[in-house]
Amino acid sequence: MPPFGFLHMRVWASLFGQLLRSPRAVCIREVHFHSQFAEAVLTSQLKPQQEKSNFIIKTPKGTRDISPQQMVVREKILDMVVGCFKRHGAKRLDTPAFELKEMLTEKYGEDSGLIYDLKDQGGELLSLRYDLTVPFARYLAMNKVKKMKRYHVGKVWRRESPTIVQGRYREFCQCDFDIAGQFDPMIPDAECLKIMCEILSGLQLGDFIIKVNDRRVLDGMFAVCGVPESKFHAICSSIDKLDKISWKDVRHEMVAKKGLAPEVADRIGDYVQCHGGVSLIEQMFQDPRLSQNKQALDGLGDLKLLFEYLTLFGIAEKISFDLSLARGLDYYTGVIYEAVLLQTPAQAQESFNVGSVAAGGRYDKLVGMFDPKGHKVPCVGLSIGVERIFSIVEQRMKTFGQKIRTTETQVFVATPQKNFLHERLKLIAELWDAGIKAELLYKNNPKLLTQLHYCEDMGIPLVVIIGEQEMKEGIIKLRSVASREEVAIKRENLVAEIQKRLSES
């Protein structure tokens, strides 16, 4: 709709034209009509403005703004994570924020209801991506890529009830690392677990443990316990909640809501409370029921080989074979894992409820779901829960009162006198051209004390000061903000002296 002024002008132009060519009585009626029309247009345009006074300014539920202070912490975490991915030879990939809806459906089991659908645009039904794994599988199939080691950092969206305190949002960032291709068993899987250990150790979040299981062991366990095959995914989804709710509540859900026989649920309960290391794997090999299931034996065999490689990597003590780990997403086919933080060694059992900070697993059939001929590309990968990690780090910084620099400015250009803006501009341009991060105040005649206080507040380490005396002598004063010591530097040597000091700091 055109602005009111434009409409108003057109209405009265039309009226004026009619006045020139219509009888007087008709003109009076037209004047009255057009006046009412103009008044109605004005009222309709003013009404939304009046209603805006009741408008609440907020971010959508489950989202947030990230302040400059938070971004500094966030970037450090992401740099550390991405640095680890690169160290292991991954190349970066990006995919669209939304996919064709059909690409995402039936890939996430019960969680498919959490996918955000978009309105029909141009004849295509679209959905925001739920994770970075399914788009990666689509990319491999679409481009006929058979081998790839990639990492991806990007936002994903889930239509769930957010719990901001625990770092759960509807819009959040994921950091994924995946290895696609046909390789000898458990070598890529072991590297993924090694990467998780390196990242969690490097971030210094405290003690942690990575729970490991295998979907084949889970499915074998369900089979020997008497779970109907049609209920495997539904029961797996219930088991996946054991890190959030008690076994009693999980059992109730399986029996009362999913129709599982109570005695079958009790048999599952005997297994899901077991966790340990290689000795537990050996014990499961001897289990009277599991040892009769080929699928479970295949999974146990790969887990045993995995622990052999993890020992060689020096991280076996950080890994726990845990039969309660389910990872409810439908696309997992083999080894699955999830990292949780431990508050203290003495509280290890209770602190499993602290929450997952990284997870992943093997998904050998997902690429084949996109390939017209069903060609499979085995894949294994991991996702770092940076939002959860960010929440933990942010809380710690608040607790210890740590101050964060929001800029990387190295040098501030100041003057103690009036009418030196031109000289400051020439000087700062020289610093910028030399690759030095520099700032000045956007005032013609700022007070020197104001400029120095700004440097202290922003944590800027160096100040260059130019004035009349410095101009006459061909020098620049270089001041250390921390020590408040000043030295005179020849103008032509200033850049070299600053670069030298910055390299030493």
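The backbone N, Cα and C atoms fix where each Cβ goes, and this holds for glycine too.
On a predicted model such as this, the values are computed, not experimentally measured, just so you know.
What TrEMBL lists as L-histidine binding site is Asp131, Leu132, Thr133, Arg158, Gln174, Asp178, Arg327, Tyr331, Tyr332.
Annotation source TrEMBL lists domain 'Aminoacyl-transfer RNA synthetases class-II family profile' at 62-416.
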Which same-chain residues, if any, lie at least 6 apart from Gln174 (L-histidine binding site) yet have Cβ under 8 Å of it: Asp131, Leu132, His152, Val153, Gly154, Lys155, Val156, Ser383, Ile384, Gly385, Val386
Number of other Cβ atoms within 10 Å of the Cβ of Asp131 (L-histidine binding site) across all protein chains: 20
Binding residues Asp131, Leu132, Thr133, Arg158, Gln174, Asp178, Arg327, Tyr331, Tyr332 (L-histidine) - maximum C-alpha distance in whole Å: 21
